[in-house]
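Here is the structure we will look at.
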Amino acid sequence: MRVSWISGLLLVAHLAPSSAFNPLRFFLDDTFSSGATEEHFMGPSDDGFALQQPTNYDPSMPFPLDESASAAVDAVSNNYIVMFKPSVDKSKLEQHHRWIEHLHEKRSLDFKDVSTFLMKHTFEIGDAFLGYAGRFSPWLVAELQKHPDIALVEPDRVMHVMTEQTFAPWGLARVSHRKKLGFFTMTRYQYNETAGEGVTAYVIDTGINIEHQDFQGRATWGATIPTGEGEVDDHGHGTHVAGTIAGKTFGVSKNAKLVAVKVMRADGTGTVSDIIKGIEFAFKQSKKDKESIASVVNMSIGGDASTALDLAVNAAIAGGLFFAVAAGNDAEDACGTSPARVSNAMTVGASTWNDQIASFSNIGSCVDIFAPGSLILSDWIGSNRASMILSGTSMASPHVAGLAAYFISLDPSLANHPVELKKYMLKFALKDLLNGIPEDTPNVLAFNNYE
């Protein structure tokens with residue numbers, strides 16, 4: 001048995017989503033647009049290209065066109081995310097992109113139109129998510145929406161981090177005690193010493209202060225997705241989250257490794273397309289990692305509903321990655337935000353030290369579990385010893401990501417089976433202890449099953 005004492009209180013981290021900047025939220029959005037009216041590039045013809053006429057998109061397909069997103073307040077002008085139907089083979093990507101270039105060149109010649117065409121990202125996450133993102137003129141977007149191979153054309157949007165600075169720490173104790181915390185248990189964290197050993201946690205966020213002494217050299221820099229950004233957490237949100245997952249002092253899984261995947265800028269905003277690219281990196285890197293028995297992901301970010309983002313998360317989960325995601329900080333239905341509404345992810349709401357639902361926490365049937373998210377102390381930026389107290393579902397989610405790593409280290413048969421792992425964690429979670437939970441919201445509190 002291992003008991004960790006933290007001066008004052010113990011803490012847990014958590015993240016939450018939103019569509020407009022709010023100190024309680026962590027959103028990200030960057031818009032991309034693409035459109036196509038003709039189908040496949042088939043080869044030379046009279047004018048050098050032969051284009052098949054498109055057919056209408058079949059509404060019975062599982063991924064509908066998301067036209068409602070075009071009116072999103074945080075949409076980035078002329079930036080879109082484009083997804084192919086599941087039936088499209090990745091071998092067709094090159095000819096599809098050549099087809100777009102041909103359309104663009106032909107338009108420029110025919111209409112003397114100096115229009116926008118900039119490819120930003122291509123996406124490939126397992127067998128279920130194939131697409132790209134970029135900046136495209138409205139006429140090209142219209143063409144893409146009619147293309148028979150395209151399942152989704154969605155505006156890229158801005159998201160933000162979801163946190164609120166507050167006063168004091170407390171949370172690790174709560175995830176290791178069955179009963180409500182009291183004087184003698186408030187600062188007592190009970191856990192098995194394996195504590196995430198052999199598991200890697202990908203923190204898709206603002207980055208990590210990897211030199212912080214609390215990480216003991218177990219944190220590395222994985223990828224920087226936004227253009228013009230450096231390999232540094234210049235916001236602090238990601239470092240705080242990482243500390244809750246695997247910090248020596250503040251972490252649930254004190255032996256897990258951490259990988260920084262920076263998708264958010266210093267102001268706490270980022271684009272959906274950059275987030276999807278970060279998910280792709282974590283997925284592919286986890287497959288290359290032969291040293292870890294499994295990997296988990298924490299995403300304490302979110303915003304307005306995004307079909308593209310939801311599908312990217314689902315594809316990674318189908319490929320074996322566990323995702324803990326923040327429910328959001330708007331005290332509203334989490335089913336209206338992404339990625340909180342992803343059914344196979346573990347969506348985390350925030351609770352307080354006295355077992356109340358946090359006033360800001362999102363609610364509803366899409367919330368799977370609650371974890372400490374109010375007044376959470378964890379690691380910070382500015383020095384290799386810095387700490388900070390924050391509140392938010394962004395602080396709650398890392399508690400659950402840490403617990404996922406913890407349970408995998410105890411039972412390696414759970415590795416690479418995220419849906420089964422989620423069921424396992426819900427099985428041992430504490431039921432009907434929280435106050436203030438609406439009837440349509442599961443009354444479930446994260447627990448490490450140590451007692």
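Note: Cβ is positioned from N, Cα and C throughout, glycine not excepted.
Since this is a predicted model, take the numbers as computed values, not measurements.
Summarising the annotation, Swiss-Prot assigns signal peptide to 1-20.
Swiss-Prot lists 80-161 with the feature domain 'Inhibitor I9'. Here the domain 'Inhibitor I9' (80-161) has, by DSSP, the following mix of helix, strand and coil residues: 29 helix, 34 strand, 19 coil.
Residues belonging to the domain 'Peptidase S8' (169-451) score a mean pLDDT of 93 in the model. The feature domain 'Peptidase S8' is assigned by Swiss-Prot to 169-451.
The active site, charge relay system annotation in Swiss-Prot covers Asp205 (among others) and is backed by sequence analysis. If you draw a 10 Å sphere around the CB of Asp205 (active site, charge relay system), it holds 34 other CB atoms from the protein chains shown.
Taken from Swiss-Prot, the feature active site, charge relay system covers His237 (among others). Residue density at His237 (active site, charge relay system): 30 other Cβ atoms are found within 10 A of its Cβ, drawing on all protein chains shown.
What Swiss-Prot records for Ser394 (among others) is active site, charge relay system. Ser394 (active site, charge relay system) is surrounded by 40 other CB atoms, counting those within 10 A of its CB over all protein chains shown. DSSP assigns Ser394 (active site, charge relay system) to a helical segment in the three-state reduction.
With respect to their backbone Cα atoms, Asp205 (active site, charge relay system) and Ser394 (active site, charge relay system) stand 10 Å from each other. Of the recorded residues, Ser394 (active site, charge relay system) and His237 (active site, charge relay system) place their C-alpha atoms 8 Å from one another.
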